[in-house]
Every structure is written in structure tokens, then in C-alpha cells.
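Trainee: In case it helps, Swiss-Prot gives these features for our protein:
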DOMAIN    144-350  domain 'ATP-grasp'
BINDING   177-232  ATP binding site
BINDING   303, 317  Mg(2+) 1 binding site
BINDING   317, 319  Mg(2+) 2 binding site
């Protein structure tokens, strides 16, 4: 069998830069070397692309340990130093000979349709969702509208544009409906890994949280906090996707934030989730409905809040390039479904080669 050449894209311009590297390291370890030749392509925070030499060195760096020991800022500085010390010139490589791209670029400029559009333009097939689905799912406000239209419950909330907040914060605060019950979460609409999210317990805390989120994004959501368990479902496939069993997150802090995910690692994961079987099946069905409603293909992780007492299932968000780190839920859910990490990588690469077809009804 001829080896397939895979461009592994990682790093990127988003706040999730370091997490992307850790995910790419996991993928590189698990791709079958008998079937695939991996060409690492590292994208710096300022958008410079490097292949082979420095990209390979970064894949070997234990960046997870560095983050835990010294923090994200120290890890970022280390990466910059490595690039400078390499003396390597950016963009000094060709896409000739690349058969498939495997973007592991979390957040902006990777998960939002931009890299997908570039790859479509140069006619390189790639893992995961296409341009439209990536752009829709990256925008938490738009994805909520789509899944709500498909009949899935969403949290009550309002959307604030950063430009409007900057011009007239008093008007924005006065326009927030009194029916919104505190606590609420203030979320940048286009960021992942819980970056920029604040929990607001009383109205007086809202201006600071909004100012912080509007500093990070052009659009912000204010969402009523939902009671219940944080449940995640891994979905895999194109026209006939499959849903994993439900996974449950028990946060180690007030909510499942960036530090809890990647630095302190205090959250507990339960696979399968501690839910009645009938309720679990409903969540799985809603995950597939959301996946199809948003036009996803390849993979996604769909997140919900589930109140076991009332039976309420509320859509939270969808991630089209979920984490692939050792502690990430997506590969663990697939492992529990009988799809080991190497097979998961293989399936994603094979799905990337399937032509898009109208979904079956």
C-alpha cells in the first residue's frame, strides 16, 4: 500500500495555540506510520508557516509539562525562542505531494472556516467540517439559532456586539431583559477552551465581565446558567454519522474553565455519563440532530447541560476540531465506543477523501 502524505497543521493564531500543539502531538503519535507519512506544519501566533525542522522539534517539546510548571506565557516564549534559534525561513516549503491535510488548529483561524477555505482553494482534502459548518459552529450565537430551529432547547440569553458595548455600555446594560435569571455566563462568541468566559452572580459584576469579553471578541453572549450535568457526545462520520456514549464532566472549580482543563487538571470525567439510559439516548439523538442541522462532516463534539431530575436537555456548544490531548473527551469517548486512537485517525483521514453528497433523509 502506497503511503499517504498527511500535512499536520498545528499552532495557529488563536488563544488555544499551545493546546493545538499538544493535540497535534497526540495525533502524530497515533497515526499509523505504515500507512501515512506525516509532514508537520507549524503556524506561529503571527501567522508564519514552518515545516519539517522546527515543526518537528516543536512536536517533540513537552509543552504540556511546561504549561503546568511555568504557565502558558512561558510556553509561548519558549516557542518563539525555538523558532528564532532555528534560523528557518517561513513559507519555505511546498504543498506539492500533500495528499490530505489534518488541521488541528483550535479556535480562530483554524476552526472557523478560514483554513478550510484555503485548503478548498488549493484542492487539498482535509479532515473535519467544511467552510460553512466550521463558520457556523464557531459562532456560538449562530449555532444556537440553528439548533433551536431544529427543535433542540438552548439556554436563554442575549447577544452583545463589542462595538455597541464600546459606544454605549449604559444602553447595553439597560437593554438586558429582566427575565434573565442570575447567575449568568458571559462568553466571547468565537473563542473556545472556555477562554474569556466569566461567571456573573449579580448584575453589578456584569460590566467588568462584558468589558473583558468584548476585549477578546467582536461578539459576546450573555447566557443564563443552566442547572445539571455537563455532558459531551463525540460524533464521527459524514452522511451517516455515529454518536458515542455520553461523557460527563465534573468540574474541579466553579465551572469547567481553561485552567481546569489544561493546567490544574482537576476535573473528573465519567464515561459513560451517570445518566439513566433513556436520557442518555435522548442526548445522543440531539447530538446527531445538531450535527446534521449545522451541516457537519468528519467529526465534532457536541456539548449539553442535562438536568437529570427534570429530564431537560439543553444545547451548550459544538466543537468541530475538538481537543485531541491525552485528557480530551473526544478520543476517550471514541475509545469507549471501540475506536482506538490510531483507528480514529485513520477513519478521519478516510472520511476526508469521501466526496460530499446530499444527506440521507
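We number each residue from 1, going along the chain as drawn.
Cβ atoms are placed via backbone N, Cα and C, with glycine included.
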Trainee: For a quick check of understanding: among the binding-site residues 184, 191, 226, which residue's Cβ has the most other Cβ atoms within 10 Å?
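Mentor: Buried the deepest by this measure is 184.
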Trainee: Can you tell me whether DSSP puts residue 317 (Mg(2+) 1 binding site) in helix, strand or coil?
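Mentor: For residue 317 (Mg(2+) 1 binding site) - judged by DSSP and reduced to three states - the answer is strand.
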Trainee: Report the same-chain neighbours of residue 205 (ATP binding site): residues 6+ apart in sequence with Cβ closer than 8 Å to its Cβ, ordered by sequence.
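Mentor: Listed in sequence order, they are 198.
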Trainee: Quick one: of 212, 219, which of the binding-site residues has the smallest count of other CB atoms within 10 A?
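Mentor: Comparing Cβ neighbours within 10 Å for the binding-site residues 212, 219, 212 has the fewest.
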Trainee: Which residues does residue 319 (Mg(2+) 2 binding site) neighbour through Cβ under 8 Å, counting only same-chain ones at least six apart?
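Mentor: Result: 111, 137, 192, 300, 301, 303.
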Trainee: Measuring Cα to Cα, how many angstrom lie between residue 317 (Mg(2+) 1 binding site) and residue 191 (ATP binding site)?
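Mentor: So the alpha carbons of residue 317 (Mg(2+) 1 binding site) and residue 191 (ATP binding site) sit roughly 11 Å from each other.
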Trainee: Using Cβ-Cβ distances, find the residues under 8 Å from residue 177 (ATP binding site) that belong to the same chain and are at least 6 apart in sequence, listing them in sequence order.
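Mentor: Within the chain, residue 177 (ATP binding site) has Cβ neighbours under 8 Å at 158.
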Trainee: What is the Cβ neighbour count of residue 303 (Mg(2+) 1 binding site) at a 10 Å cut-off, with all protein chains included?
Mentor: 22
Trainee: Across all the protein chains here, work out how many other Cβ atoms are within 10 Å of the Cβ of residue 198 (ATP binding site).
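Mentor: There are 19 such Cβ atoms around residue 198 (ATP binding site).
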Trainee: Should residue 191 (ATP binding site) be counted as helix, strand, or coil on the basis of DSSP?
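Mentor: Once the DSSP labels are grouped into three classes, residue 191 (ATP binding site) ends up as coil.
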